[in-house]
Every structure is written in structure tokens, then in C-alpha cells.
Amino acid sequence: MDRERSPKRKRSPDGLARFSTPERPPHSPISAQQSPGLQPRSFLAADVEEPQFDDVQAAYHQQHEELRQNEVYESRSPSVNGIQKSASPPRERQLGYKPKLILRGHKKGVAQVKYSPDGRWIASCSADASIKIWDSTTGSLLQTLEGHFAGISCIAWGPDSKTIASGSDDKSIRLWDVETGKPHKTAFTGHHSYVYSLSFSPKGNMLVSGSYDEAVFLWDLRTAKPMRSLPAHSDPVGAVDFVRDGTLITSCSSDGLIRVWDTATGQCLRTLVHEDNAPVTSVKFSPNGKYLLAWTLDSCMRLWNYVEGKGRCVKTYQGHLNRKYALSGCFGVYGTKPYESAFVASGSEDGRILLWDVSSKILLQSLEGHRGPVMSVDSHPAERAIASGGLDRTVRIWRSDEPIEQTFAHEQLADETSEEVPPDMRAEMAEMAEMEQAAQEDREQGSEQEMEVDG
Amino acid sequence: MNLALVDPFVLAQDCPEAMTGKLRSGHSSCIRFNHRGDYLASGRAEGTVVVFDIETNGVARKMRGHTRQIQSLSWSSNDRYLLSASQDCKCILWDLEDGTRIRSVRFEAPIFIAEIHPTNHLMFITALFEQQPVLVDVTDEIPKKCTLPSVPKRSQAEWEKLSTRQQTLDEKQTTTVAVWSSSGEHVLAGTSRGWLNVIDTRSRQIVHSTHLSSNLIVFIRLTASGRDMVINSSDRIIRTVHLPDFTDPKTDFDNLRIEVEHKFQDLVNRLSWNHVCFSATGDYVTASTYMNHDVYIWERRHGSLVKILEGPKEELSVVEWHPHRPFVAAVGAESGPIFIWSLLTPQRWSALAPDFHEVEENVEYVEREDEFDIQPLEELHKRRLDQEDEEVDVLTIDPGKADFNPGEFRMPVLLDLDASDSEDEVIAIGTGQYRRKSPGRGQQWMNEAEAVENADDTAGGRKAAINGISKAPNGTKRRRAD
């Protein structure tokens, strides 16, 4: 179907191969020497064949040395000038995420994977115009949502974990009931081109969408009508996101700008632009909403403090390969409770998933498994697990063997009982922790070999 | 989280400037903000209760159960329950989780006002037309009603001084408005002869009375702290009163002196006031005027008039101030739209282009010494990366007022509420063509409601009609983008 496309649309390869930018001079040491067969072909235009991944892999190996150097440089950076970080807890230098599940079923590349806010489900959307809902622990397929007429670039979970919004290349946004698998009867129409990004407001009453038509729309979910159009950008909008309390929206575009908007008034409050002006393909608020993480096509991810002054880039993460696709990633948590630290995770076009420490920029782990660009990475809202989706049509789940007692289940218990835990309660807690540990060991034994699940 | 980025001059303003919007769903007669300030409940002249989402300006819920004009609305402290009181002599307690009725209580007279207890949503106080106020406990299916007294408490000596005529008039007093003190331990009631009664909730006795006005007390509203009270009386004067702390056990109700702090009135035009309310912090008092289009705002420190908000070409009835923001909503008395006044926030152009600065006047540019030096890109890049050595915390969440606690009630978002604007008086009959809707259309539900009403009342129980989800049978007005 895609071969019938007019040449005009070729410049705008839909879905995943969003921003091909041959005209932009590369600024980072990694040169964009990729095999000539790969560059102009969008992922959708020719449902990517296996050999192409080998091309990518070959390209990766060519650049491997350079990447290595980068990594070395990165790990050195915190102790430059002899100033060693005097952070109280010793930070881990490595993380132990291991492949656990491979979910197959999509007929074309996976554009985005998202954990539901309650952590029970993983939704994945694909260029094959379907959305699949998987159980996040067992990996069994719950639903396949079909109804869009073209590839789906983005999905977003409603805060109640019962609805999913999807944005497609057929220019529409649809809402789906996860339990029944049925779409809501009215599609959200208004965009003039492919919908690239979606985000739910924390209350679930609004939806923000970014599109190839350069517009950002704020939708009233109840009436399915656009409430407000934000005169955002002069190039396709790569991503939009709501801050955790819903008062701010961020959007980014391949014009190199990241903008922050006031939800209530629709006014632009801040514009962030890096000197290099590289196309920004993805942007995300940090879990506490104080920072913005942005992916740019110069193979960098930048963390911005958007509040201070006129906005300041505080961290640059490098090591992955990102020249062509709108990759996205997530924030995650590691370490034990009082000294929890955060990592950022991103896919890479060479098939790896990279995890950096937020503050020190040390590469904590590099996960290999995907055969082809990893488009999207998302972390479990409570547990130590991440999900990834790539152009090799698979969704993969990775879990860390970090002892689970520091994580969510016990956090809550601890919060409720505060500091003063009665002794009998303490015994109970210890018992529970023990049981948990045993269960964890069982689980590990059971899943020694990584499981494969067919959807 | 937007506060750090918003212009401080805008944030410093605490009084609305201009009319910025309009909400419409039928003919509204009464409005009330919820405590969080994200929803506005509106009672309509034909008895429907509508809940607007302030963020989207859309209808979030629609609940049908009354057959006449809604007189008053009251939210429970967790914003989950809404009590509506109507001229059809009924009070209905709604659960906004699913839009069902929890209780429906019938009285012998039309209701002026019904207020939910500040801590117990299954208890409320009502003031009835020409009757004594009633304290209602709806914990059980069958409501427990307790009549409260209205006759002001006077000492024996005082009572004997009155003439017989005055005594009989005193006996005939009725309560016209009743509200809870902030703790819910007392009820503050205004009477038809201008007395303010303080009633102990437990003993149901008047513990204190003050004569405030010679005329009827129309309306009473307290600030969130419960220490300040504004009273609208039919003598065309708005009074503000500083209240003592009723929860203090040392409060001596017998020798209590309740002093009027300010009197707001228009001496020139002799305006009378439809409705009064406090601002978010209690620093301002606002009122809508009878037979007039404006909203008056006084500040309380000096008692001066600070602003008259220009209104639409319509008399305004109920006026309400948002619980946190400089945001005022008022109902048009004749056709029932809800008008909104708030701040105007101009776009700051420097926010759109970070390399531009807004300057007051021309500034001569001084070039930096190394501004045009050519430096190797690689080196610049490297240096920049080396400077990124600060600690960054992306996890710790600063507690904020607007933040949502996990245990708090959150109203589910209904997606199938497509009758949201179908009850407007105009309906589309073609592209760009509208006509007025014939009267009586879309009121079929009323007959059904009447039919089940008796059964409903005796049982007092939960009726299965889930309002807001049921579809209106009338033609829907649809305007689709493209």
C-alpha cells in the first residue's frame, strides 16, 4: 500500500521514520554513515526485512569504536577536575536488567509501548494499524484493538488504566475501552496530518496531541472536540506531554524548539532551544515535573531545567545512536528506598537500550536483544521492569533482579505504619519480606531462560 | 507547577479584571464551586443539576431528579457528594462517582437553602419557606428530621420588656437561611426579622442570638476558615462580621458580642443585592445587584469599593468566587447563562523566542571580548559537557496545594455524555441554520420521574436511574469540526 504513495509524501515518511534529515550537518562525532539502502526508505514504506537490520548492525559495528570512546569519556566526566561526587549513598555503577519476555504478534514495527498507570498492562502500537494489550507479568495477549486505517504512531493510557487513546497516520485519534476492545464511537478528527504524539491530562478530562501538521491540539475528552489549538511550531511536532499536575504542557518539534505551555490559558511560558538547533523528536517531563528530557537527532538526550532563568540544559546523555527515528524513552528508579536514584532509558537505532544515571551520566547498562532500532522504552510504574518495542516487531520485557522488598508493595506498608512499627507488625513484615524473597527466587528459577510469548 | 513560570505580576493580582468566558447549559438558577475548584455545579430552572468542568468549560455530569427550579447546591468536603435543594420541596443527595441518588428527602415547603455538614455528608441543614429549619440525618434509608427553633434567645428581663404585639411577632419568626460553622458543631441561622441565631447541633438549642438588621436576612456565607461571615439583608446593606472561635470550650455564649465589621451599601442608588460571597481568601466581598448588570467588589481591610465588574446586558442573580483563584462566576437572571470574570493574561513574547529580550527602551549593545572568536566545535562541546556536574533530582515531589492525593475522590470522566448541549434553546436544523426549540421538548423524563416519585420517596432509597448516562430522546445539536 505504501508504494503507491505520491513522491510528495515520501519526504514525510509516516509513522516511525519521522524525521529524515539529510540536509542537517551532524555535530556530534558520530557521523551518519549508514548504508545507502536504508537512508531514504521509511520503515513503513517497505515493511523492513531482516537483512536491513544487519545493515544497521553493520553500521553500528563501524561506529562501535567511536561509541566506545564516548562511553569512556562519559564515565570519566563526573570526576573531572578531581571533584568526586560526595553524594552520601554509594551509587551503583551497574544495573541488572535481564530479558524476561519477548512478545510477538505485531506484523510491522512497534512504534510505542506504554505501561498502564496501574502497571497491570502493556500497550503497544504498531505500523500495522493495531494496538495490542499484554499482561505485564505473564505476557499473555489480552486484546488486539483494530479500527485505524493506517499505522499508529502513539498511544496514551487514561489515568484509570481503562481507556487508551491512539493517534494514527489516518489523521484521527481514537479512544478505546481496554476491557471490551471496542473503540469509542466518535473519533477525534481535526488534525490535517499524521498524529505523532498524545498525552492524557492527569485527571483524564483532556488530551493533548501533536501532529505532523505542526499543530498542538488540546481536546475535551467528553465532547471529542478540540478545545484549544496551540500555535506551536513551524515543523512537525514530535512529542507532547503533560506535567504531573496537569498545569503545563510541553511540545517539541523538528524546528529544534521545545515549548512549555500553560494548560489553562494556552500561552507559551517558555521556549528552550539548544545552540546546535538539532531537530527535537521527543520530549518528556521528569517524574517530579521539574525537568524536561528531550531527544534530538544529533544522538543526544538532554535534560533541561526549564524553570531557572530562560531554561538551561543541565545534562547531556550520549552513547546511543539516533539520527533518523523519533526514539523515545523513560525515567526509571533504582537503588533502595531512602537513597533511590533515577536513571534515564532510551532505545537506540543499533538495537540496544541504554540506561544512564541521571546525575552522573554514567552508562549503567546496555541491553541487547532487539534486532533493529528500538523505538520506545517505558518503565513499570512501581516495579523494576522496563518494556521496549522496536522495528523488529517485538515487544520485550526486561526485569531487574534488585531485591523487590524496597519497591512498591512495601513502600506503601511502610508509609501507612510510619516510623513506629509495633514489634508484632515488624515480625510480620519480616516474614512477608522473606516470602517475597522466596517467591522471587522461584520466579527466577522458572524464568531462567527467557520466555517467548506469541500474540 | 506552572506558578514558577507565570508572570509574577499576574500572580500578584487577586481580583478578576474582565469577563473572559461564558458557560451554558439550559437556564441556570444557582451555582456553586466545589472545594478543589475544578468543578462548578449549576442548578437549572427546570430542575436538572449540571456539573461543569472548569478546565474544559464542558459539562461533566447531568443529573435529573427535581421538577422545579434548584434553589441551592452544597458540596461535601471531599467533593464526592452534592446536595441539591429545589422549589419542588425536595432535597437530593447525589453521588458523583456514578451520578446516582443516595437519598431523596421531601419536605412540606419549598426550600431556601440546604447545606451539607462539613464532616458528615449524610447530615444536612435546611431552611424552609415559612417553616422552622430542619436538621436532617440521612444515615439510614428513612431520614431523621429534627426541627430547630427560630425564636431568638433573650434573657427573661428583656422578654418581659417587650409589648405583647412584639412578643407574638417574635414567636412567629421563621428562619430564612441556615449554614454550618466550620466545625459543624453549630448552625448559624438568619431569621425573617433580622436575628442571627447560633444553634448547638447536639442539643439543638439556640445558644446565642444577635439582632443584626431590622429586615429579613437573605443570605449568609462563611469564609473557608469559618471566622468571617457575610450577611445579605433585605435592608439593602451587606454586613461582614468577625466570628469568635465556636469550637473553643471557653467561649461564653451568653455574653458573646457579635460586632458588625463593615457595612457595604450604595447610598446613592439604593441598590439592593441579589447574592453575596467572599473571595478565596476572604479579603474581598462580592455582590450582584438587583435590577442591575454589574458585580460589585469591596475589599475588607478598609471597607472600600475596589471594582465594579462590567456585566453582560442582563441582571445577575447568584455570584460565586472560585475557592483559590481570582475567578468569579455569576448567573444571568433572565436567560440563565453563567458568566465568568477572571484575569487577562497577555502573551509574553520573550517566552516564544528565548534569545529575545523585552527592554523598556533602546540599549546600546556591548560586545563581549570573545564573542566572535572562533573556537573548535569539538572543544566547545566537550567543555559544555564537563560543566554538567551538578546533582539533579528528578524524583522528589514538592508538596503542592493543587496536587492530587491518591485517596482523594476523583470524578470519573464520562465519555458518552453527548446530550451535553442538546438542551439549549436553539437546535441546528441544517448547516448554519438554527431555530428555537419548541417549549416542552426534552422534558419527557419529568413525567417518568413523577411516576416513580412516590415509591422513591417512601423507600427513600437509591433509584437505579443513572443520570447523565441516559440519553436524551430529543434531537441533539451536533457541530463536528470539519
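Placement of Cβ uses the backbone N, Cα and C atoms for every residue, glycine included.
Here TrEMBL flags A:1-49, A:70-93, A:433-455 as region 'Disordered'. Under the heading compositional bias 'Basic residues', TrEMBL lists A:1-11. The annotation compositional bias 'Polar residues' is assigned in TrEMBL to A:76-87. Residues or ranges marked as domain 'WDR5-like beta-propeller' by TrEMBL: A:103-399. Annotated repeat 'WD' per TrEMBL: A:103-144, A:145-186, A:188-229, A:230-271, A:273-305, A:343-366, A:367-398, in sequence order.
Within the same chain, residues 18-19, 21, 24, 26-28, 30, 197, 235, 238-245, 248, 250-258, 260, 311-318, 320-331, 342, 344, 346, 358 sit at least 6 positions outside the repeat 'WD' (A:273-305) and bring their C-beta atoms closer than 8 Å to a C-beta of that stretch. Look at the repeat 'WD' (A:230-271): DSSP puts its residues at 0 helix, 23 strand, 19 coil. For the repeat 'WD' (A:145-186), the DSSP-based tally of helix, strand and coil residues reads 0 helix, 20 strand, 22 coil. Computed over the repeat 'WD' (A:188-229), the whole-number mean pLDDT of the model equals 92.
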